[in-house]
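Peer 1: Next up is a structure, given as C-alpha cells.
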Amino acid sequence: NRKPVSGPHSTTFVATPEGTALAYGSLVFMALLPIFFGALRSVNCGKSKNSSDMPETITGRDAARFPIIASCTLFGLYLFFKIFSQEYINLLLSMYFFVLGILALSHTMSPFMNRIFPANIPIKQYQLLFTQGSGETKEEIVNYEFDTKDMICLVISTVVGVWYILKKHWIANNLFGLAFALNGVELLHLNNVSTGCILLGGLFVYDVFWVFGTNVMVTVAKSFEAPIKLVFPQDLFEKGLGANQFAMLGLGDIVIPGNCLMFSLYPAPSSLKKNTRTYFYTSFLAYIFGLGMTIWVMHTFKHAQPALLYLVPACIGFPVVVALLKGELTEMFSYESSEEVLPHTPRLTHYPTVSGSPASLANSMQSSSSPRRRRNNPPM
C-alpha cells in the first residue's frame, strides 16, 4: 500500500537497512543531478543568441498565482478520478507524457550527442511543416527543423518511451522524470529573490494543506500513472531489477527549489559579483539538508511527509543567514536578473507555434502546460 504523496516516502514493505539506505541515497543523488546540471545549462542557455532556447521568466505575480493554479489542477484531477474511469484517464495521460517525455529526453541528450557524434558522418537537415489555410491566410502550425543528431536522440528517446508505455518500468520512469526535472530547472527563470520566496512560500502552504489537510493529494498520487516522480526500489537486493517496493520523490520537490537555486548563478551587481557562487553552493547544501530532514522525519515517524515542509525553510533560511553575515541582505533582495543575460525572454500569451529544434519543441510543449510567464524588464 504505497503512499505516493509529495516528498520521499516508503510503502508498508519492511525493507532491510541496506535497501533503505540505497533507496534514499539514490533518490537524493538523482534529485541533485537535474538541479546542478539544469542550473548550469540554464546559464549557458541564457547566454545563447537563439531566442527559441531562452529561459522563460516567472514574475512575482506568476509565483503568487502558481499555488492557486496547482490547487485547481490537483482538485480537478481528483474529481476526474472520482467521476470517470481511472483506466481511460491514465491512458490519455500516458499518451501525453509519452510524447512530452520523448521531446524532453531528446533535449536532455542533445548536448551529449553533439560531443560524441562522429565528425566523419554527414549531418543532414530535415524539416516537418504543417500549415493551415492558403494564400495570405496561410498560417504555420508546426515548423519543426531537425538534423541527423536530433534524429538519433529522438529514436533513442522513443525506445525509452515505448519501454515505459509497455512495461511502466521504474528505470524508464526515472529517465523521463530526470529529463522533465532538468528541463524544468533549465527553461524556467526567476526574475528576483522575492519571486522565489513568494513561489516557495505559496507551495509550502499548498504542499502542507493538500498532504495533511485532505486526502486529495494521496488519492491523485495513487491513481496518477505518469513519470512525475523519481522512484527507487527498497527491495533491489532481494528482487533485482524486477523490484516493486519503492521510495519516491515528486518532481515538484526538485524543480521548484532548483529554480530558486539557479537564480543565484546569474551575474549579480558589483557588490555581489565576487561571491555569486557562494549563494548557489549555500542553497545547494540547504537543499541537501532539507531533503535529508524529510527522509529522517519520514523514516523516524513512519509517515509520508511533504518535502517542501523542510525544503522551503532550508532553501530560504540558509542564503538569508549567509547574506546577513556578509552584510548583503539588502542587495540580495533588491537584485533583479540582468537584461544582458536574458535579452529575449519570451512572453507566453497563447499556445505557441512550434518551430526550431527538438529543444524548442520541448520548450514550447512544456510552456503550454505552465502558468503564463512574462519578460522581466529590469529597473532603469
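Cβ atoms are placed via backbone N, Cα and C, with glycine included.
All TrEMBL annotations are machine predictions without curation.
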Peer 1: From the ranges 162-182, 246-266, grab the one TrEMBL calls transmembrane segment.
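Peer 2: Of the candidate stretches, TrEMBL labels 246-266 as transmembrane segment.
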Peer 1: Restricting to the same chain and to residues at least six past its boundaries, which positions have a Cβ under 8 Å from a Cβ of the transmembrane segment (21-43)?
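Peer 2: Those are 8, 10, 15, 55, 111, 174, 178, 181-187, 189, 230, 232-234, 236-237, 246-249, 253-255, 257-258, 261-262, 265-266, 280, 284, 287-288, 291-292, 295, 299, in sequence order.
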